[in-house]
Amino acid sequence: MRSSSVQPIAVLRENDLRRSSPPADENEGFTKVGEWMHDFIRTLYPLCRSITGDGVRRTLELIDERIALDVHEVPSGTRVFDWTVPKEWNIKDAYIKDSSGKRVVDFKRNNLHVVSYSVPVRRWISFAELKEHLFTLPEHPDWIPYRTSYYRESWGFCLSHRQFMALRDDEEYEVCIDSSLEDGHLTYGEHRLAGESDDEVLVSCHICHPSLCNDNLSGIAVAVALAERLRLLKRRYSYRFIFIPGTIGAIAWLAQNVERVHRIKHGLVLTCVGDGGPITYKRSRRGNAEIDRAFAHVLAHAQASSNIVDFTPYGYDERQYCSPGFNLPVGCLMRTPHGRFAEYHTSADDLDFVLPEALADTLTTCLFAFDVIENNRVYVNLNPKCEPQLGRRGLYRAVGGQSERAMEELAILWVLNLADGTHTLLDMAERSGLPFAVLKRAAKLLTEHELLGPLY
Amino acid sequence: MRSSSVQPIAVLRENDLRRSSPPADENEGFTKVGEWMHDFIRTLYPLCRSITGDGVRRTLELIDERIALDVHEVPSGTRVFDWTVPKEWNIKDAYIKDSSGKRVVDFKRNNLHVVSYSVPVRRWISFAELKEHLFTLPEHPDWIPYRTSYYRESWGFCLSHRQFMALRDDEEYEVCIDSSLEDGHLTYGEHRLAGESDDEVLVSCHICHPSLCNDNLSGIAVAVALAERLRLLKRRYSYRFIFIPGTIGAIAWLAQNVERVHRIKHGLVLTCVGDGGPITYKRSRRGNAEIDRAFAHVLAHAQASSNIVDFTPYGYDERQYCSPGFNLPVGCLMRTPHGRFAEYHTSADDLDFVLPEALADTLTTCLFAFDVIENNRVYVNLNPKCEPQLGRRGLYRAVGGQSERAMEELAILWVLNLADGTHTLLDMAERSGLPFAVLKRAAKLLTEHELLGPLY
Amino acid sequence: MRSSSVQPIAVLRENDLRRSSPPADENEGFTKVGEWMHDFIRTLYPLCRSITGDGVRRTLELIDERIALDVHEVPSGTRVFDWTVPKEWNIKDAYIKDSSGKRVVDFKRNNLHVVSYSVPVRRWISFAELKEHLFTLPEHPDWIPYRTSYYRESWGFCLSHRQFMALRDDEEYEVCIDSSLEDGHLTYGEHRLAGESDDEVLVSCHICHPSLCNDNLSGIAVAVALAERLRLLKRRYSYRFIFIPGTIGAIAWLAQNVERVHRIKHGLVLTCVGDGGPITYKRSRRGNAEIDRAFAHVLAHAQASSNIVDFTPYGYDERQYCSPGFNLPVGCLMRTPHGRFAEYHTSADDLDFVLPEALADTLTTCLFAFDVIENNRVYVNLNPKCEPQLGRRGLYRAVGGQSERAMEELAILWVLNLADGTHTLLDMAERSGLPFAVLKRAAKLLTEHELLGPLY
């Protein structure tokens with residue numbers, strides 16, 4: 001069992017933000033959706049994914065069984081901005097056999113054993129030569145590292161340091177990588193939920209890692225669950241979920257959608273969202289985009305601890321979305337950032353490393369933040385001179401002189417005071433310190449009493 | 001005797017801000033004016049005020065004996081924005097008598113005993129029914145709470161918890177409230193001091209509370225003393241003092257002056273300004289209005305401790321002045337804010353709770369802040385290229401090489417350096433860290449030497 | 001020996017900023033240039049300088065032997081803005097003799113003994129009268145103070161308190177000041193290094209103090225060494241070094257160059273730059289000029305401790321450059337600011353008080369800051385949509401999956417991301433937290449690979 005610092009659902013229940021939350025956040029629903037996501041990760045775990053190939057296709061098929069996907073195939077050799085779509089890589093088997101014919105390293109036991117994009121090889125080889133093709137983690141002797149060589153043709157094996165130490169330096173070994181690297185396609189999938197407007201929210205996750213759970217599968221699982229939840233809700237925005245190989249996939253997608261990206265008003269990269277650490281939100285390059293402020297608000301109000309970090313031009317596909325020629329308002333949601341947990345890019349990033357409650361907490365956080373974005377309107381006070389008489393409308397305590405005042409009443413006063421056509425509800429939340437959901441309810445109530453109207 | 005954290009006048013004397021202060025701030029004057037204000041509070045204390053009625057009229061008469069008032073009467077039923085001026089409430093007597101005919105609760109002993117705006121009642125009643133109309137403070141068994149019911153017709157008594165515990169639950173009581181609630185008027189008063197300009201400074205205080213000293217009488221006393229002092233001074237601005245019932249009075253006043261409020265360049269609500277706590281200034285909705293900056297400067301330089309708090313849309317009549325349809329630059333000056341002292345809205349907010357030296361300190365602080373506003377001009381250095389030769393004008397130490405430099409010399413250099421037509425004296429005070437009064441003197445000196453001129 | 005907190009050169013060596021540093025910063029060069037500057041100070045030390053006179057002329061001759069100077073003579077009586085160039089002061093000898101004919105105070109032993117600009121005097125005088133003309137430092141009984149009386153005709157002697165205590169109050173003394181105060185000239189020198197552009201960097205130091213090392217000679221020595229180094233480098237800007245009497249010299253120079261000062265894009269006053277304290281940089285009046293940001297960056301990255309202080313209108317000649325009619329972007333570089341060290345304006349500001357390594361460290365800091373200014377261009381990413389493929393250009397690790405990433409790679413990514421035509425390299429350094437020199441190298445590399453171009 002791994003320990004977790006995910007906050008108990010009980011805490012969330014008491015938090016006012018919950019009141020605006022969709023069905024997923026009922027206590028039972030929270031547990032169920034967490035387990036559902038973890039089960040989906042378990043289903044995807046054995047597949048050998050890379051940036052191209054049948055592992056990606058099979059992953060997209062399994063997603064498509066849950067949410068309908070448009071699958072796109074981009075031919076090898078296609079120019080995408082400064083890059084070229086590489087050859088397609090597939091692999092059937094790979095091993096290192098000792099002189100007795102025993103597989104001492106076996107791809108079929110763990111697909112991390114082969115360096116991704118290894119070219120085919122099959123021959124007998126001395127230990128001295130073999131050693132040049134082996135990668136281990138001496139500081140974690142039981143873990144297998146994860147290595148790739150997409151853009152330089154080579155081959156290699158990753159193995160635990162314990163396996164490596166058991167090899168004999170006076171022995172010859174048979175190495176076999178039964179792979180193919182040929183013209184083919186890069187494959188990605190899209191799922192779109194139409195909303196009232198053509199303005200879009202982009203949710204992007206990478207699908208190019210083999211048996212790694214936090215780094216790629218957790219993002220896929222949360223994205224699929226998000227799509228399922230959002231489908232049930234009234235949507236102002238349209239939502240586009242893209243499941244793409246990292247870097248080259250994002251670049252290919254942007255190259256094919258360059259005329260359409262102006263529709264993206266908010267965006268989010270999901271990665272490493274299943275471990276037990278607190279949530280980390282990385283701001284977009286703009287630094288103060290609405291999505292940045294929405295997550296900052298939600299994390300401050302709904303999480304006991306969380307981190308907000310500034311944009312940096314390294315990390316995941318926010319690098320591409322936030323390149324200066326696009327500069328899209330796309331942030332990145334993580335729990336523990338890549339490289340900050342020892343299990344990163346090793347076989348220890350496995351099914352035990354991702355937790356159902358962490359996945360559910362990430363999902364809930366996204367839903368809260370999207371709820372902010374969906375409802376972040378500008379309002380106008382229809383009775384802007386002095387306060388309206390709330391008492392006769394039942395919106396205010398009847399007996400004066402009491403010192404205690406409920407948050408609901410404060411929210412009504414704040415909304416009336418700031419509804420001058422220049423403040424969004426999120427502006428009001430930031431200035432008042434009240435949760436967005438409480439202000440949203442106050443705005444709804446005031447609108448029903450014809451004291452408030454949305455400007456846009 | 002209550003303890004006080006008001007700073008001794010000795011501290012003020014040493015502070016440079018004093019040098020610009022009007023006569024009130026002489027040590028003897030300080031003590032006298034504090035006692036004068038406390039005496040005035042003592043005079044006003046017994047009256048039973050509410051948002052309408054003869055208690056308000058008598059209060060205005062007593063103010064008018066000190067500073068000439070224009071008294072306005074607004075008829076019941078008058079529409080003022082979203083509100084309607086209520087019926088006028090008056091009361092002659094009220095009591096609860098036990099079966100022996102003894103007054104166990106008696107309005108004549110303390111006017112807090114009756115819930116304000118109680119409708120007339122006179123009958124015998126069981127304890128069980130009576131209990132529904134009684135309010136006490138169990139945690140302060142000797143204090144009488146203060147309650148109102150302006151907009152819902154009802155009646156009730158407030159009494160000490162000790163009185164309540166002495167009632168017998170098997171007894172019948174005679175309740176009598178000899179009040180009237182009839183069409184009449186809402187009454188308020190205005191005092192205007194003309195200045196060089198029609199631009200106005202608004203000083204507003206509420207006059208709607210019965211025998212409560214810090215909450216309403218302290219504001220009235222300081223406002224009257226302020227008017228008396230300002231009358232003696234040269235004024236750039238005109239000053240308008242308004243003495244109004246809280247909320248409905250401010251709304252009625254704004255409704256009747258909607259075409260004139262654009263003249264208000266600075267404003268201040270005075271409330272709870274007599275207790276022994278440090279001064280609290282609440283910023284206007286604008287947050288950085290000149291009045292906000294003036295009080296921030298004065299409090300930082302002249303007070304050992306004080307608090308500046310951001311605007312919130314609850315509190316006193318700044319709620320109305322700062323509603324989005326007006327958004328006037330009106331702050332609120334308090335010592336301990338309402339609800340932060342246990343005595344608030346109880347009989348313990350009495351003559352002992354307000355201190356002459358606290359009243360005088362509040363008055364002095366207002367005079368300092370108004371001195372800033374009056375003198376906060378933009379200047380132009382008439383010799384802007386390099387420093388002028390101050391030495392030959394006697395404005396600078398004659399013998400060089402000394403390391404010590406007086407604050408006066410620094411002020412001269414700062415004023416010359418920043419007098420580029422874009423900085424006010426208050427800008428200079430904020431940037432230099434020097435007291436406004438010292439910069440004011442430097443500007444005067446430089447103007448006399450024809451090195452400086454006011455831009456506006 | 002005096003102790004020093006100047007950081008050892010070893011620290012500087014490890015710092016990445018060094019990599020962009022000119023030859024002076026090699027360890028051997030650092031020591032040599034420090035000793036060279038100290039030697040130059042030793043040469044200048046005995047001269048009796050004031051704001052006019054032959055001491056200034058001889059000082060300029062000695063500078064001219066190192067860097068070619070244009071020497072200007074401004075006649076006494078010339079009007080310069082609000083000031084008038086004073087008479088020229090020269091002095092041959094001065095002393096106080098006791099009745100036995102012994103020189104108890106002798107100008108030839110230390111030129112601080114005479115108050116600068118003392119009028120001629122020669123007569124016998126009682127101790128009582130003499131006392132009115134004597135200045136001592138009782139708290140430092142062995143030190144001689146430094147005093148001036150430029151604009152009020154008088155005479156006086158400065159002496160150690162120990163010398164003073166040895167005088168007898170029943171004795172007559174012969175005082176002699178063999179000075180002249182006559183129409184003549186104010187003298188200053190300029191050295192200009194042409195660059196690609198006529199836009200100028202101004203370096204200003206005062207040359208008006210007699211035997212004081214930190215206060216005036218350290219600035220002269222660093223300025224001369226700076227000019228020598230900069231002559232060897234490619235320069236975008238032209239550099240103008242001015243060696244002027246304090247205040248009146250700066251005012252005269254500005255009066256004579258009023259039509260040309262718009263060319264000054266950056267400027268620096270050098271003063272008190274040789275003592276063992278940490279560096280202090282005083283911002284220009286603008287507060288966020290490029291020179292201010294360049295020094296803030298360099299000090300944060302290259303110094304273990306340093307101070308940045310806001311502009312104030314007192315100090316050295318930045319007072320004139322930053323007067324509102326000019327408002328030039330001129331900062332002031334010091335180590336311990338004047339008045340913050342006990343030796344200031346006393347005979348203890350001597351050859352031991354300034355340290356070769358401190359002088360060299362100041363010089364290096366200036367060169368780093370000027371390197372920032374010289375290279376602070378705005379770049380445009382020529383492949384702005386998504387990242388370019390750095391790997392095939394050898395600009396990126398070939399094998400993926402490694403968690404460590406070199407600062408060079410980060411710099412490349414930051415430059416590409418922020419090169420949108422709105423960010424300077426210094427903007428990028430501030431946002432990324434990386435040293436300017438590393439970003440400069442990255443920009444050079446990317447330009448060589450045709451991925452980046454300078455906008456201006």
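Yeah, the Cβs are placed from backbone N, Cα and C, and that goes for glycine too.
For the Zn(2+) site, TrEMBL lists B:Asp215, B:His345; matching the candidates B:His191, B:His209 against that entry yields B:His209.
For the domain 'UCP01524 winged helix-turn-helix' (B:377-452), the DSSP-based tally of helix, strand and coil residues reads 36 helix, 11 strand, 29 coil. Sequence-distant neighbours of B:Asp215 (Zn(2+) binding site): residues of the same chain at least 6 apart with a C-beta under 8 Å from its C-beta are B:His209, B:Thr271, B:Cys272, B:His338, B:Tyr344, B:His345, B:Asp349.
Of the listed binding-site residues B:His209, B:His345, the Cβ environment within 10 Å is emptiest of other Cβ atoms at B:His345. Helix first, then strand, then coil: DSSP counts for the domain 'DUF2172' (B:88-180) stand at 14 helix, 37 strand, 42 coil. Following the DSSP three-state reduction, the secondary structure of B:Asp215 (Zn(2+) binding site) is helix. Mean pLDDT of the predicted structure over the domain 'UCP01524 winged helix-turn-helix' (B:377-452): 89. Each of the binding-site residues B:His209, B:Asp215, B:His345 was checked for a CB under 8 angstroms from a CB of chain C; none meets this.
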